[in-house]
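Asker: Okay, handing you the structure first.
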Amino acid sequence: MSRAAEAAMAASYKSLKEDFVSNLTGGEIGEINYVTAIAPVAAIVWSALQSRQSFFKPYSPISFAVDFLLNVGAILLATTLYADTPLLLNILLLAPAALIYAAPRATPPKKSKLPPSKETKDEIPNPLPKKSFLTTYRGAMLVITCLAILAVDFKIFPRRFAKVENWGTSLMDIGVGSFVFAAGLVAARPVLKEKLQGRTTPLSTRLYQSVRHSLPLLVLGLIRLWSVKGLDYAEHVTEYGVHWNFFFTLGFLPPFLALFQTAFQYIPSYAGLAVLLGSAYQVALETTNLKGFILVGERTNLFNKNREGIFSFFGYLAIFLAGQSTGMIVLPRSLSSSTGVQQRKRLLLTLSAWSSLWILLFFLCTSYKYGLSLQVSRRLANLPYFLWICAFNCTQITAFCLVETIFFPQIYKNVDTSSKTENEIYKNATSRVLESCNRNGLAVFLAANLLTGLVNLTVPTLHVSDLQAMGILLFYAATLTGLAVGLDVYDISIKM
């Protein structure tokens, strides 16, 4: 075959790939909720095995296999083979969980009685302890995001789950926003540390630190841009623009957040500021020609070639601030004199209230009969999209918190334990797979992008059978999980 013919075939296949992920309208929010419910359901099964049978302690190869199948494999099945029947998969998983929980509790191994060290006796509990339900939430969110970015290139992944072109909701649309929300949640930790220490970082210092944190992300964005253009990789231009990509969005968030923190002197609520920002952006979309410019404008210069990424950034910044607001609620240990049980009840009620509020605001924003009749647009990252992301993530966090509350009461009952004991309790209640993904989340996400590119450059994903697609996806999932757990085993944390 001549080079000209090969180039023509490559161009034709690239066009097919781009058409495969373009002009999609998404699916129903209810179905998305059923599919994503597999993560809390998997957490129930994992928790039943661990709390009743200590199945994952010690952590053996069999434990790893079951951990992987529950927290990664089940999500893969929910988005592929069981995409049309997610409720059935949830029921199939929940059925053995009930039997496991009803079975007699396994006798725990005897521990040697050693006197506690002086450091353990005198150690003050960490005011910002690790929380198992947050690790599970962030780990599961990363898993479903990484699986979807490759699965979307295969026909076994339903088109209604792929990113929507202009208006509508889809599984991948919720994944992008959730990634930003989860990043905002973790970003509340340094703010809380400042408050606990009673100090305020100057704006210049905050900007310097944020830029230093952003540089690796911006470099990754440039590398992705170069690789996509250099390798003539299939791309969906209307997703972020001609040159913009998700790494640029992540990279610009910290500096803008540093600037916005000055506004907290006047608006003490991160959630309030997020709603104001999202609303102001929506007003601009509705009262100016901005919406039309983003959706159908010409691409004649660098600015308008990347208008989707530039303007959707305001929506993602609002999502990030809302995530940070949630982090301010769930990350700190309560300093009140109430018992651990009372504190946990208060946390569940607070999370439930916030979830209900976000759901109500989303309903009022999108309802044709009782609200503003606005449509969700991930491309614009508009107000309905912002509220949908907040409602979904707060509800997910509440669900994971409830699972932990039921199966591992020792976590919140022992509020005055030392950090060493608290860490042991945390590890006992946390999936090793999800903990590992959470620990090196950005590194795993980068590896997922690299592997996705490698697969697409070497495999004609549109022409493989469903069986072959499942084999590739399973190997891909196992590789990412093995990388995450391997880094954790060797106590490596890759900071970006």
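Using N, Cα and C of the backbone, Cβ positions are placed for all residues, glycine too.
Quick paste of what TrEMBL says about this protein:
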TRANSMEM  61-81  transmembrane segment
TRANSMEM  87-104  transmembrane segment
REGION    107-126  region 'Disordered'
TRANSMEM  139-158  transmembrane segment
TRANSMEM  170-192  transmembrane segment
TRANSMEM  243-260  transmembrane segment
TRANSMEM  267-285  transmembrane segment
TRANSMEM  313-335  transmembrane segment
TRANSMEM  347-370  transmembrane segment
TRANSMEM  385-408  transmembrane segment
TRANSMEM  442-463  transmembrane segment
TRANSMEM  469-490  transmembrane segment
Asker: Given a Cβ distance threshold of under 8 angstroms, which distant residues of the chain, six or more beyond its ends, lie next to the transmembrane segment (313-335)?
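Answerer: Sequence-distant neighbours of the transmembrane segment (313-335): 125-129, 131, 134, 177, 180-189, 191-192, 196, 249, 252-253, 256-257, 260, 269-271, 273-275, 277-278, 281, 343, 346-347, 350-351, 354, 380-383, 385-386, 389-390, 393-394, 397, 401, 415.
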Asker: For the transmembrane segment (170-192), which recorded stretch in the set 243-260, 385-408, 469-490 gives the largest number of Cβ pairs separated by under 8 Å?
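Answerer: Against the transmembrane segment (170-192), the leading stretch is 385-408.
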Asker: Tell me if the transmembrane segment (469-490) touches the transmembrane segment (442-463). I count contact as 3 or more CB pairs below 8 A, with pairs 6 or more residues apart.
Answerer: yes
Asker: Report, as numbers and ranges, every residue of the chain located at least six residues beyond the transmembrane segment (139-158) whose Cβ falls under 8 Å of a Cβ in that stretch; write 'none' if there are none.
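Answerer: Tertiary neighbours of the transmembrane segment (139-158) are 17, 20-21, 27, 36, 39, 42-43, 71-72, 75-76, 79-81, 83-84, 171-172, 175-176, 178-179, 182, 396, 400, 431, 433-438, 441, 444-445, 448-449, 451-452, 455-456, 461-462, 464, 466, 469-470, 472-473, 476-477, 480.
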Asker: Report the listed stretch (61-81, 347-370, 469-490) having the maximum count of Cβ pairs within less than 8 Å of the transmembrane segment (385-408).
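Answerer: The stretch with the most close Cβ contacts to the transmembrane segment (385-408) is 347-370.
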Asker: Check for me, if you would, whether the transmembrane segment (469-490) reaches the transmembrane segment (61-81) - at least 3 Cβ pairs under 8 Å, residues 6 or more apart in sequence.
Answerer: yes
Asker: Cβ pairs under 8 Å with the transmembrane segment (87-104): which stretch of 61-81, 267-285, 347-370 has the most?
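Answerer: Stretch with the highest Cβ contact count: 61-81.
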Asker: Where else in the chain does the transmembrane segment (61-81) make close Cβ contacts, counting only residues six or more beyond its ends and a cut-off under 8 Å?
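Answerer: Residues packing against the transmembrane segment (61-81) from afar: 35, 38-39, 41-43, 45-46, 49, 55, 89, 93, 139-140, 143-144, 147-148, 151, 156-157, 161, 171, 431-434, 469-470, 473-474, 477-478, 481, 485.
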